[in-house]
Amino acid sequence: HEPCGESCVFIPCITTVVGCSCKNKVCYN
């Protein structure tokens with residue numbers, strides 16, 4: 001999995017719309 005360049009510590013991943021998900025406070029695809 002590659003990082004999406006987004007964190008999800010305080011807010012959910014915006015990048016979920018492009019297939020990313022939150023893992024260990026970082027958004028991965």
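The backbone N, Cα and C atoms fix where each Cβ goes, glycine too.
Feature list (source: Swiss-Prot):
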DISULFID  CYS4-CYS20  disulfide bond
DISULFID  CYS8-CYS22  disulfide bond
DISULFID  CYS13-CYS27  disulfide bond
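Feature map: annotations from Swiss-Prot on the structure.
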{"residue": "CYS4", "record": "disulfide bond", "Cβ neighbours (10 Å)": "20"}
{"residue": "CYS8", "record": "disulfide bond", "Cβ neighbours (10 Å)": "20"}
{"residue": "CYS13", "record": "disulfide bond", "Cβ neighbours (10 Å)": "19"}
{"residue": "CYS20", "record": "disulfide bond", "Cβ neighbours (10 Å)": "21"}
{"residue": "CYS22", "record": "disulfide bond", "Cβ neighbours (10 Å)": "18"}
{"residue": "CYS27", "record": "disulfide bond", "Cβ neighbours (10 Å)": "21"}
From the Cα of CYS22 (disulfide bond) across to the Cα of CYS13 (disulfide bond), what is the distance in angstrom? 6
Reduced to three states, what secondary structure does DSSP give CYS22 (disulfide bond)? strand
To the nearest Å, how far is the Cα of CYS8 (disulfide bond) from the Cα of CYS20 (disulfide bond)? 11
Roughly how many angstrom lie between the C-alpha atoms of CYS27 (disulfide bond) and CYS4 (disulfide bond)? 5
Rounded to a whole number, how many Å is the Cα of CYS4 (disulfide bond) away from the Cα of CYS22 (disulfide bond)? 10
